[in-house]
Amino acid sequence: MAWSVFTLRKENRSFGSLSLFLSKFYFILSRNFVYLSLHTSNPKTVTKNMEEFSTGTDPRVPAVKPDSKPSSLEEVPLEAASAAVSEDAEVDKDLLCPICMQIIKDAFLTSCGHSFCYMCIITHLRNKSDCPCCSQFLTNNQLFPNILLDKLLKKTSARQISKTASPVEQFRQALQQGYEVTIKELDNLLSLLAEKKRKMEQEEAERNMQILLDFLQCLRKQKVDELNEIQTDLQFIKEDINSVERHRVDLYRARDRYSVKLRMLGDDSSTRKPWSSSMDKNNSGIVSSSLNIRGGMPAGNLQNKKIDGKTQLSGHVSQRKDALSGADSQGFNQSGLSVARKKRIHAQFNDLQECYLQKRRQLANQLHIKQESDKNVIHREGYNAGLADFQSVLSTFTQYSRLRVIAEVRLGDLFHSANIVSSIEFDRDDELFATAGVSRRIKVFDLSMVLNEPADVHCPVVEMSTRSKLSCLSWNKHWKNHIASSDYEGIVTVWDVTTRQSLMEYEEHEKRAWSVDFSRTDPSMLVSGSDDCKVKVWCTKQEASVINIDMKANICCVKYNPGSSNFIAVGSADHHIHYYDLRNISSPLHVFSGHKKAVSYVKFLSENELASASTDSTLRLWDVKENLPLRTFKGHTNEKNFVGLTVNSEYIACGSETNEVYVYHKEISKPVTWHRFGSQEMEDADEDGGGSHFISAVCWKSDSPTMLTANSQGTIKVLVLAA
């Protein structure tokens with residue numbers, strides 16, 4: 001403490017007033033108090049140290065060595081402080097700022113003896129005028145730099161860094177600090193470093209070569225696997241080509257046999273006799289001519305026979321030309337269709353190739369197709385199930401290339417927004433179809449009347465008014481006159497089309513009901529889904545729901561499995577499809593994930609195949625039995641509206657927000673064809689800024705190529721797939 005007394009004496013001479021001396025003395029005492037506090041973990045010891053310092057009896061005051069450097073006065077206690085920091089956790093807390101609880105930066109001391117980060121205490125004093133530790137009155141003028149604590153913190157930090165530094169870093173620091181090294185030592189170090197460098201380079205080269213070797217081996221294995229797969233595919237293709245060639249030969253032979261039989265059946269005995277006699281004459285003429293050449297007949301007789309033969313032959317040739325002219329034109333048409341189908345194959349060759357290989361690989365080991373018992377059916381020797389399945393896909397895919405309009409119905413004013421058709425459905429026998437939408441009416445049309453009557457006189461055979469806008473319709477597939485509807489108020493209604501009266505009304509949904517569907521296997525059961533996040537199963541024999549499923553997101557669509565009334569598919573706004581077994585609704589049987597937005601429609605192609613539509617502009621096909629995604633279909637545009645979805649055993653159709661209808665084959669991810677709704681009035685409306693129309697509903701007529709489509713303008717078109 002001698003340096004402190006000396007400092008006091010020196011500064012006592014420099015201060016001219018007692019008050020300044022006392023304040024400075026108070027500051028120095030406070031700084032020494034903090035210094036001593038860093039050397040002990042017991043606050044009572046600090047007080048005792050201060051008392052012993054005042055009497056001069058403190059045995060623990062660090063001694064100053066006379067031969068030490070000037071900085072040794074600080075280094076000895078700093079080393080002790082560093083040891084205390086590493087050994088005692090309580091001292092570590094003393095190095096933390098009481099405000100930010102971090103290591104103190106730019107330490108400042110208060111008049112009450114507490115140290116803080118400069119920015120922390122300044123920020124605190126802007127709001128309050130007290131010490132954060134003891135609440136004593138404090139201002140900015142009572143803050144002083146704590147130089148000793150700053151030095152201690154810096155040296156402690158340096159020691160901590162040196163402990164964690166690498167040997168190279170420590171050696172570099174030693175050289176920077178003036179550590180003396182001889183030339184011989186440096187040479188040894190350089191030799192050692194050079195040898196170490198060569199060894200590291202050798203190891204690095206070996207590692208690089210090993211990495212390259214691993215890559216090449218992996219690449220070779222991958223290419224060998226690909227080669228084996230290609231060889232297997234080539235073997236499949238070779239076998240299938242041979243099978244198809246044999247089948248084609250059989251077809252040509254059968255065609256020739258049928259042609260001969262038809263010609264024989266078409267020619268009666270009366271027509272065959274003149275032909276045979278004329279042929280006899282011709283033959284005799286030919287024979288006589290040959291004899292004449294040899295000198296056996298006169299030249300005049302030969303000339304007469306030649307003329308007769310030519311006349312008869314020319315008549316027969318003209319008859320055959322007339323008979324074959326129709327066949328030639330038919331053959332030309334068939335040739336044109338064949339060229340068009342080949343163009344479709346080349347346009348979708350990659351997708352068809354993938355489909356072929358997938359089916360061929362899956363069914364490579366299955367048995368050959370069973371032969372028909374009918375003798376007239378040509379035996380398809382060598383055909384396997386995979387090839388036959390793909391041939392079916394190829395035939396149905398290339399069979400159609402466009403959609404043709406065969407009828408059109410307009411429900412109202414072309415530019416009236418209340419004409420949107422939300423749902424369109426065929427009845428059990430595909431004779432009637434019903435429409436519903438925002439017009440609050442269910443209209444039932446007779447398909448035969450729509451197809452046969454002029455476009456301007458189409459009137460519904462039945463019309464029923466509802467209280468609210470309608471979202472969905474579902475015909476009962478057992479009772480022809482029953483149809484169910486769901487509306488914007490959440491009401492599910494079962495109607496009798498014959499009496500035009502409602503049979504049942506279910507009002508348990510709290511919000512808009514988007515979807516309703518009758519079970520195909522149990523005609524008394526139907527299911528509905530709503531914005532209230534609930535799926536409800538109803539029975540037409542009861543007034544309340546029989547099953548209630550609570551979900552976490554809005555329900556956009558529901559559908560019964562066509563093979564069982566125990567399974568339903570639910571499309572939700574959570575981007576998933578939930579497949580439930582109604583015998584256990586505690587959790588879904590499967591959850592199909594893949595869509596990026598809300599699932600707007602779900603439809604079953606079969607008991608195991610489920611199609612879904614989403615506002616992410618995609619359709620997806622799922623296998624509900626194996627819980628697998630099968631295919632994704634892209635081409636249409638659907639980002640916000642319900643544009644409709646319909647399926648049959650081979651094709652999937654949907655609407656688009658571009659006012660177009662798209663048709664997909666279930667085995668091909670790209671559209672087969674599409675049709676755009678349009679007329680001169682619509683084009684004029686588009687030019688005036690009304691071009692936001694979209695397809696709102698679609699429906700296949702069972703497994704036929706006929707389809708009903710409707711758009712947001714209330715226009716209904718009957719389309720048919722055409723070559």
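Quick reminder: no glycine exception, Cβ is built from N, Cα and C everywhere.
If you look up TrEMBL, you'll see 183-247 marked as coiled coil.
In the predicted model, the domain 'RING-type' (97-135) has a mean pLDDT of 90. According to TrEMBL, the domain 'RING-type' annotation covers 97-135.
Annotation comment: TrEMBL describes 52-72 as region 'Disordered'.
TrEMBL lists 506-538 (among others) with the feature repeat 'WD'. Residue counts for the repeat 'WD' (506-538) under DSSP, helix first, then strand, then coil, are 0 helix, 18 strand, 15 coil.
Long-range Cβ contacts of the repeat 'WD' (592-632) within its own chain (Cβ-Cβ under 8 Å, at least 6 residues beyond either end) map to 554, 556-564, 567, 569-577, 579, 638-649, 652, 654, 664, 666-667, 669. The repeat 'WD' feature in TrEMBL is assigned to 592-632 (among others).
Cβ atoms under 8 Å from those of the repeat 'WD' (506-538) belong to residues 471-479, 482, 484-494, 544-560, 562-565, 568, 570-571, 580, 582 of the same chain, restricted to positions at least 6 beyond its ends.
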